[in-house]
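First up is the structure itself, then whatever we jot down about it.
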Amino acid sequence: MSLTPIRGAHQANTAGQNPGIAVSWHAFILPWLLLAASWGLLGIAFLTGHNAWLDHDYLIRASHWPWLLALLVFLLGWQVMLLAMMIPALFSQLLLLPHNDRRPYWPTQALFMAGYAASWTLFAGAAFVGDTLLHGLVNQWWWLYLHPQWIATLLFSVAGIFQWSPVKRLCLMHTRDNNQESTTTSWRQGYRYGLWCVGSNWALMLLMVGIGMRNLLMMAGLALLMWLEREFSVGNRLRFLTGGACMLCALLTLLAPTL
């Protein structure tokens, strides 16, 4: 497999067709600052043992906080994690946003990322609600309480099947589209782009929410995977390999849950 960028030629054509799009070093400032700050905060949280605040299991079962407060804390931590994991794959979008030379880059980029975060926050809220209901089901269903590996098996299976699906291919194709419409606001562009990203990556992110929120290496690995899928031609084949790996993990989780 060769890591061939799939955006370079299209970016050049887009920049040439739209004089309002120009890549300057100023456009790198906000993304790099947010990327460094978010990974720094995550690193500090894991080193000091405060990463439990990112964990839905802790917030729902062990924190003894009111449910709404637990949700708000989870969503706040989600924003930090989202910046750390998604900004690498957002760079090409942020650098090619329509820009007026008389204004700084960061307001346009900030609005785009706010819209992008809004779409993912809806997903995170739904995942938290779903996990709350799942905990209630486990508490009421003794068999599931004794066999929690079936939950992980289901998550791996859903992620694997979705990685192979035409819906994944369609959404992934749209996440590679750099055509920015100057007639819409940056927030709306970010929100719409975020919906395509949710459509492409919801299954992998749900898997991370289910089993990997306390694992910094899994976050970094998933961020790398989503970047490779989106930025390089190998992504089309990589999704099939990822799907196969998820299905293998589903089988191993079911047959050897103690591993």
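The backbone N, Cα and C atoms fix where each Cβ goes, glycine too.
Copied over from TrEMBL, here are the features:
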TRANSMEM  25-47  transmembrane segment
TRANSMEM  67-91  transmembrane segment
TRANSMEM  111-130  transmembrane segment
TRANSMEM  142-164  transmembrane segment
TRANSMEM  202-228  transmembrane segment
TRANSMEM  240-258  transmembrane segment
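Sequence-distant contacts of the transmembrane segment (202-228), counting only residues of its own chain at least 6 positions beyond either end whose CB sits under 8 Å from a CB of the stretch, comprise 3, 42-43, 46, 51-52, 54-56, 81, 84-86, 88-89, 123-124, 127, 131, 151-152, 155-156, 158-159, 162-163, 168, 234-235, 238, 242, 246.
Residues 53-54, 80-81, 83-84, 87-88, 90-91, 94-95, 99, 104-106, 109-110, 113, 216, 219 of the same chain sit 6 or more residues outside the transmembrane segment (25-47) yet have a Cβ under 8 Å from a Cβ within it. Below 8 angstroms of C-beta separation, residues 149-150, 152-154, 156-157, 159-164, 204, 207, 225 of the same chain, each at least six residues beyond the ends of the transmembrane segment (240-258), sit close to that stretch.
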